[in-house]
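The annotation [4Fe-4S] cluster binding site is assigned in Swiss-Prot to Cys559, Cys568 on the grounds of sequence analysis. Taken from Swiss-Prot, the feature chlorophyll a B1 binding site applies to His654. Under the heading chlorophyll a B3 binding site, Swiss-Prot lists Met662, Tyr670, citing sequence analysis as support. Under the heading phylloquinone binding site, Swiss-Prot lists Trp671. Look at Swiss-Prot and you will find 46-69, 135-158, 175-199, 273-291, 330-353, 369-395, 417-439, 517-535, 575-596, 643-665, 707-727 tagged as transmembrane segment.
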Amino acid sequence: MALRIPRFSQGIAQDPTTRRIWFGIATAHDFESHDDITEGRLYQNIFASHFGQLAIIFLWTSGNLFHVAWQGNFEAWVQDPFHVRPIAHAIWDPHFGQPAVEAFTRGGALGPVNNAYSGVYQWWYTIGLRTNEDLYTGAIFLLFLSFISLLAGWLHLQPKWKPSVSWFKNAESRLNHHLSGLFGVSSLAWAGHLVHVAIPGSRGEYVRWNNFLDVLPYPQGLGPLLTGQWNLYAQNPSSSNHLFGTTQGAGTAILTILGGFHPQTQSLWLTDVAHHHLAIAFLFLIGGLMYRTNFGIGHSIKYILEAHIPPGGRLGRGHKGLYDTINNSIHFQLGLALASLGVITSLVAQHMYSLPAYAFIAQDFTTQAALYTHHQYIAGFIMTGAFAHGPIFFIRDYNPEQNADNVLARMLEHKEAIISHLSWASLFLGFHTLGLYVHNDVMLAFGTPEKQILIEPIFAQWIQSAHGKTTYGFDIPLSSTNGPALNAGRNIWLPGWLNAINENSNSLFLTIGPGDFLVHHAIALGLHTTTLILVKGALDARGSKLMPDKKDFGYSFPCDGPGRGGTCDISAWDDFYLAVFWMLNTIGWVTFYWHWKHITLWRGNVSQFNESSTYLMGWLRDYLWLNSSQLINGITPLVCNSLSVWAWMFLFGHLVWATGFMFLISWRGYWQELIETLAWAHERTPLANLIRWRDKPVALSIVQARLVGLVHFSVGYIFTYAAFLIASTSGKFG
């Protein structure tokens, strides 16, 4: 018999229906389920795929550099970052009429172009790139790295170069390599680049390979380092009237702790950033020497973990068994990695706007909005991914005997308490927050706005004051204008930091009031409900009171057969599926809040947010409707402008989003009947019936149809908001 796809599973390949195709796609990356898989091949496949991922990333970033160098206006932007709009790439579209050609020809281009809202211009400028030649050089280098990564991936699948399973499970060596070799050395290299190339570039000195060894980044070179006078590197920083990229007001310091922002660029001082990366490098290089490897020196992670048994006995056997459990489960490791990466990505979103590291990015409002929203959505998907692989660990890899009475087992034993507490928190937040919003809406509707319940976020204001914000009048050390702490801080510790906190030209510690209090708790509701669904899915993955043998059915199952009513929708996959909706919902509230708060801040009418954000109609009318009206009116037979494409995407995103409900609401039986009717008609239609199929057409499983619906919902949701965000921001600020 001829070999049928999928080749990795002959069980699926023998299926006579179209399930063969869909199940083949669904399990293509589930290496553990493939025929003839061994532990060694499993690890080697994953390891090789990492190199493939790196190759894609390098190719993508190379493409960014290449297209900006070829079709962008980087050199013109460098001359005037405030007024030249950065170009991402040209548009060649045969559908464009003359009005569209004129609308999209901007930024000094000769034809239609897309603007760049990714911040790459500001990033490249900050790190010392100045010409198109620099961009081409970077593109070629990254293309080379992409090729090397592909080669490495292929090489590590060859018999001679395949690593052994013991190599993959050598946790101490891997930690040392990642901490010192990757994080430590790369942070040190980046600090070196900033000191040798970027900082001189910010002071009008163009450093490249031809003069790299001739230009000292500091007048005395390594002298202060070798003589122990490290403080000299911080002396004579650039002045407050320094013009970025020129010698005017430039200093000589290379490693400082100034705090605050460069007055012209409104970004962190490059010398502070270099100092930060040097410190990070030092910590990681030391951290990477901690664990016991070749020479028997250092800590054993297993020993440390197993020593953690609280003497009170309330955590049982503590961390015993965890080392082998984690080390032998790639799902556990992936879950930990995704959770960590998700948190970091969300932190990046928060810090990119509040502490901008790239020159002039703070004044590019559309880019600020796009980057914040992008990183928050990415963080959401990564975090929910962590809670997909956690349950898979519990189903496939968890060994109750190995983990008896340790912290992991005790989490499972206490799951009712954990789930019910999360449920209580979600209910409390939901009813109280919605109750306050609805009360305020009713008061507005009845013409008595003075009867709104408006709660000042006193505790949050106190925390801001403790960090040095003086607006609220709290008499605590860093915010008391006469106190010694404030004066000492200004003179000794981060002199620019306290000034930055109290300036209104940045996003540090924004002034907050009752509207912020309410939306904070709405977001808290979303976070707690998302967490409730995800944690419940993980803790019930092996079994529940309703279905004690759930683990025997795997990670996803539609229903577990006749005679067991009520067991649909309770697989761990279903919890992941439900949680993604709540995640999207929550990040919607987060990004709405961030965007509206900043639009009013940038336009100088913060009172609009303060007055309208305390009731739901205010959000619907003064944020969503007011900012989408340009898009709703954006496509007409008579008018074409640079927002027209966003108006089209706004419409298209709604359509994709709505399509999702077709798959989410109509389930398998409906589709099976429809398919059989269509197949019957096809077979009886002349000409059409000349085309036959080998596989009997059957409907998608419930789980697969839910996935199709979820993908449409997510993609449409994000496309809709992306179009709204970019158009409403760029329409106001250019």
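Heads up, the Cβ atoms here are built off N, Cα and C, so glycines get one too.
Rounded to a whole number, the distance between the Cα atoms of Cys559 ([4Fe-4S] cluster binding site) and the residue listed as 'chlorophyll a B1 binding site' is 32 Å.
Listed in sequence order, Gly709 are the same-chain residues six or more apart from Met662 (chlorophyll a B3 binding site) with CB atoms under 8 A from its CB.
For Tyr670 (chlorophyll a B3 binding site), the number of other Cβ atoms no farther than 10 Å from its own Cβ, over all displayed protein chains, is 13. Listed as Cβ neighbours of the transmembrane segment (575-596) (distance under 8 Å, sequence separation of 6 or more from its ends, same chain) are residues 353, 369, 372-373, 376-377, 380-381, 383-384, 387-388, 391, 516, 519, 522-523, 526-527, 529-530, 533-534, 536-538, 540, 609, 613, 619, 623-624, 706-707, 710, 713-714, 717-718, 721, 725, 728-729. Within the same chain, residues at least 6 positions away in sequence whose Cβ sits under 8 Å from that of Cys568 ([4Fe-4S] cluster binding site) are Pro558, Cys559, Ile702. Taking Cβ pairs closer than 8 Å, the transmembrane segment (417-439) reaches residues 411, 452-453, 455, 518, 521-522, 524-525, 528-529, 531-532, 535-536, 539, 614-616 in its own chain, all 6 or more past its ends. In this chain, the transmembrane segment (330-353) does not touch the transmembrane segment (707-727); fewer than three CB pairs sit within less than 8 A of each other, excluding pairs fewer than 6 residues apart.
Of all the Cβ atoms in the protein chains shown, 16 others lie within 10 Å of the Cβ of Trp671 (phylloquinone binding site). Distant neighbours of the transmembrane segment (135-158): 44-45, 47-52, 54-56, 58-59, 61-63, 65-66, 68-69, 74, 124, 129; these residues of the same chain sit at least 6 beyond its ends, with a Cβ under 8 Å from one of its Cβ atoms.
Long-range contacts of the transmembrane segment (517-535) within the same chain: residues 384, 387, 418-419, 422-423, 425-426, 429-430, 432-433, 436-437, 455-457, 460, 575-576, 578-579, 582-583, 585-586, 589-590, 592-593, 613-614, each at least 6 residues beyond the stretch ends and with a Cβ under 8 Å from a Cβ of the stretch.
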